[in-house]
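A.B. asks: Handing you a structure now.
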Amino acid sequence: RYSLFYNHLKNIEESEGGLDKFTKSYKTFGVNQLEDGGIYCKEWAPGAEAVFLAGDFNGWNPFSHPYKKLEYGKWELFIPPEDGCSPVPHGSKLKVVIRAQNGALLYRISPWARYVVRDEDKVNYDWVHWNPPQSYIHKNPSPKRLKSLRIYESHVGIASPEGKVASYKNFTYNVLPRIKDLGYNCVQLMAIMEHAYYASFGYQVTSFFAASSRYGTPDDLKEMIDVAHSMGITVLLDVVHSHASKNSEDGLNQFDGTDSCFFHSGYRGNHQLWDSRLFDYANWEVLRFLLSNLRMWIEDYRFDGFRFDGVTSMLYHHHGIGTGFSGDYNEYFGLHVDEDALCYLMLANHMINSLHPECITIAEDVSGMPALCRPVAEGGGGFDYRLAMAIPDKWIQIIKELKDEDWNMGNIVHTLTNRRYEEKYIAYAESHDQALVGDKTLAFRLMDAEMYTNMSVLMPLTPVIDRGIQLHKMIRLITHALGGESYLNFMGNEFGHPEWLDFPRIGNNESYHYARRQFNLTEDDLLRYKFLNAFDRDMNRLEERFGWLASPQAYVSEKHESNKVIAFERAGLIFIFNFHPYQSYVDYRVVIWHSSLTVAFRYKILLDSDAGEYGGHQRLDHNTEYFSEEYPHNYRPNSIMV
């Protein structure tokens, strides 16, 4: 694999003048404004017989501005300035006109288009030339690379209690302060790359270089990222390079009139489950397109890194469909692995690390591919983190299938600690996947219909609501503290957002009722959502103070099946969880890690899920001090009594 990567890198150096020049192609391809006022256009359309540019600027004459054919399927066009001004004004609508091999004229949006919009009375998007007289100027530097990553997974369009598509401006001034207050230091933005179908959650991308216009302008997004940086918040983009929308009128599909171009032709170029097109990662121009795309998002918008979606689909020819992964190495090495896709990921991480070493990359891989998060120089994939995707599945399985008294402590600990050595994992109890219609969030699984009637503090605390609130806090804390080297939460789930997430579509009469986040629920003192919100905030702030995510993996000293107790130590803190449905314990002895003590250590409670401000029963005295003893317990020489 490293040899394949190295050969690609060597070829880029020899034929393109290096990776830096190769990935700057976003500045030359598409339609670009020159300093003298002229316009330079460049496209890759290997299956085209001829290429033209048409738009408002030439009265939509499809033949007046032909491109010149270059080598390797490339085409270029230069339009001189008119009286020192651009011949294509800012805001003009454009189309690339392709004469296909069968003679048909195809009106296409450039794959490199920076801004596309859709009029309310239209189905398809239009390409708009974006060249404002004064672009947004970033004022704040990017935050330094974080040691402890606490990620707030977000969707701009649903980030409002109102039933509408929310804006970049709303997110900037209403949501970012909330994220900061909750103690998250990183926001991961979904559905930013333009996608024609809103209900696709941003995973059916049509224009890879365009920020979604349904939330505002490119400058609005740049301002949003700049304000986040002013708060010390790192901003990651959920990038979709695993597949593309099948749209041809306003997407990449059949751009030059052929079935291939950016994609594999035939069966290999189509994803059976996603009904989308699959990139040909062995193609030189596809590599140019995708690598340049990453660089554009970093340099133009100042994103601080990426979460790569659908990595499992990229890694294997079977795309993970109908395939289970046990961890056996035969599952990761063989002819079923798409080495071209893996090589692309190595190139992407190498480019990002070389040109922007402060940036972070995350792999969404459910298969457990070995070395995916090891450096490229070691033959690894080069990612910084991978998602611990088994953890949310485990919590769902436990809650759905087992009674409280049947929870297996050893199985919970195994799932939370079962990760590849020296590869960093992002732990999460739930993400957007669990919030979507057809699934249930943890809060909804725990409390279900009673969330509609019994979340008011004026109502008696029912056993279902009491159990749900307490387990919601405990599940999140043990996942945060034991499950990885980073933590992720999907917006709204921190306070147990009721119901599910469903975008407007024909099946729900185009309703926005479930395509929103009801942040206002936490601001109502009469509702119990405020307790979960406060616990999540203080949990993050405690991690900020002690940095357990950046500390070595925890030492688990107890997983007691009959007591339903889990205890472990990390970053100098002792975490103790009692999952028993009805049994409390007095004078419970717990191991401390120190092998020898010359002085007694004194411990105090820092975070208590049973505290009143978190909706607990206040059964612990926070003024109590606990002292270590040279008293052997669980094969360790020292312990404390709690």
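We number each residue from 1, going along the chain as drawn.
Using N, Cα and C of the backbone, Cβ positions are placed for all residues, glycine too.
Per TrEMBL, the features are:
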- Asp309: active site, nucleophile (ACT_SITE)
- Glu364: active site, proton donor (ACT_SITE)
- 162-478: domain 'Glycosyl hydrolase family 13 catalytic' (DOMAIN)
A.B. asks: What are the non-local neighbours of Asp309 (active site, nucleophile), defined as same-chain residues 6+ apart in sequence with CB under 8 A from its CB?
C.D. replies: Tyr203, Asp238, Val239, Val240, His241, Ser242, Glu364
A.B. asks: What's the number of neighbouring CB atoms sitting within 10 A of the CB on Glu364 (active site, proton donor)?
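C.D. replies: So the Cβ neighbour count for Glu364 (active site, proton donor) comes to 20.
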A.B. asks: Any idea what the model's mean pLDDT is for the domain 'Glycosyl hydrolase family 13 catalytic' (162-478)?
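C.D. replies: Averaged over the domain 'Glycosyl hydrolase family 13 catalytic' (162-478), per-residue pLDDT gives 96.
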